[in-house]
Amino acid sequence: MFHMAWFLQTGFGAYGWNQQWSGNVAKDLANPQLFVDLATSLERACFDYMMLEDSSVIPDVFQGTMENSLRGGTIRFDPMPLVPLLAAATSKLGIVATAATTFYPPFLAARLLNTLDHLTQGRVGVNLVTASPHAAAQNYGYAQHFEHDLRYRMADEWVEAVKALWDTWEPGALTLNEETGVFADYTKVHRADFEGEFYKTRGPLNTLPSPQGYPVICQAGGSPAGKDFGARNADTLIASARGVDKMKAYRDDVSERMIKFGRDPKDAKVLFLVEPVLGDTQEEAQAKKDRMDAAFFANPEPALAALCYISGLDFSTFDLDAPLPDLTGRHNGHQSVVENFVRAAEGKTLREALGATRDVSTSVTLVGTPDSVAAQMGEVMDEVGGDGFLIALPVTRKNITEVCDGLAPALRRRGLIRDSYEHDTFRENLLAF
Ligand SMILES: Cc1cc2nc3c(=O)[nH]c(=O)nc-3n(C[C@H](O)[C@H](O)[C@H](O)COP(=O)(O)O)c2cc1C
């Protein structure tokens, strides 16, 4: 059996703007109901979690303007306040929201996540990112963003600081003794007095220990520093690796790093991104994939704009029909994604490279009926020895139905995913197998 989750690629943002099957998107932009529908459907399908990406910028690197982003609807509401609404509509699903360690003061994050763990009754997770755009850093008062590996060093210390705050209440500190009138034993609540190279915090938390103690920690960066951060701290890692060999290598690499940090590799689940294209027949699914590919090649702008956001470099200044210029030392963005692209672009023009990397962030191309795709997913996991998949489709009710009422039952019929939850809290379910 393997685990399943859903990755919301543009967080609490706009999905399917101006596209078919987007529902009432123009009217419903900040309405949580679409996300509530996703959550209840994922629970019906027995998924482990949904993960909301986040960022705090309207990207303006592409052509040096926000025009492309605003035309396309690149907005994000803060995912944190959505978490309790999703939890209120479900009882088992894990709910992961993204937080940038670089911008959240440790005390603010520790208290917020502790409170959310209470409100969700032990089902909150946090995707810890270091963020990459300079514009994001400038929103929080920095002149520019910190250098790539430095921000992971800061993130490691940030986790230590936050855990020190979560640990400020010893087990048994809460007494609630009505006879003596003592709410909590003050000898069992301590200051954290954390003092590191980058962060300082006093504590204790003025909340209570939460159901999971620490929320589930998720991580998604593929650079060596990113993988080390995940291997040291995460309960689940989101991996972008193309093909069975690279997937296997990614899992093995994470396992080795976990052992290096004294952890059991079984204590973190590595899930791989997929974007299944589903149809009633193989031919119908293939025709749909062909249409999607044709639309992609007809307009390379969104793919170029995405590369700009990820790298911080304006790709619109490069000739689409010439080889990619040397980018060594020129970017401070998502290292692994940019390096994968540069490798794929060797000997190609930029336009050809965009085509060649069309499916690069998905681990395997899945096109077919629910049953044939389920079979392929089973075969891939058998070979990879991985822990499962993460669906990275736009949040439309059509996609929700195809996955939760088509693909998930097909996976279940093959005994590949759970048919009920074993436990009540997120981490227990994640580590159940
Ligand atoms: C599936 C996936 C999801 C991600 N989600 C976010 C996100 O929500 N916010 C963010 O700032 N970065 C996000 N990232 C970026 C990574 O967390 C990381 O910062 C980036 O990949 C750079 O890491 P690297 O340099 O270690 O590769 C995501 C990356 C991947 C592959």
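If you go along the chain as it appears here, the first residue is 1 and each next one adds 1.
In case you wondered, yes, glycine gets a Cβ from its N, Cα and C as well.
Copied over from TrEMBL, here are the features:
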type    : residues                             : note
BINDING : Asp54, Thr98, His148, Tyr152, Ser223 : FMN binding site
DOMAIN  : 10-386                               : domain 'Luciferase-like'
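Here the features listed in TrEMBL are placed on the structure.
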{"residue": "Asp54", "record": "FMN binding site", "Cβ contacts under 8 Å, 6 or more apart": "Gly11, Phe12, Arg76, Asp78, Pro79, Ala97, Thr98, Ala99, Ala100, Asn127, Val129"}
{"residue": "His148", "record": "FMN binding site", "Cβ contacts under 8 Å, 6 or more apart": "Ser223, Ala225, Asn332, Gln335"}
{"residue": "Tyr152", "record": "FMN binding site", "Cβ contacts under 8 Å, 6 or more apart": "Thr130, Gly221, Ala225, Gly226, Asp228, Phe229"}
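Secondary structure at Thr98 (FMN binding site), as computed by DSSP, is strand. When averaged over the domain 'Luciferase-like' (10-386), pLDDT in the model lands at 94. Checked against ligand 1, the binding-site residues Thr98, Tyr152, Ser223 give Thr98, Ser223 in sequence order as having a Cβ less than 6 Å away from one of its atoms. Spanning the listed FMN site, residues Asp54, Thr98, His148, Tyr152, Ser223 have a farthest Cα to Cα distance of 19 Å. The binding-site residues listed here are Thr98, Ser223; among them, Thr98 has the most other Cβ atoms within 10 Å of its own Cβ.
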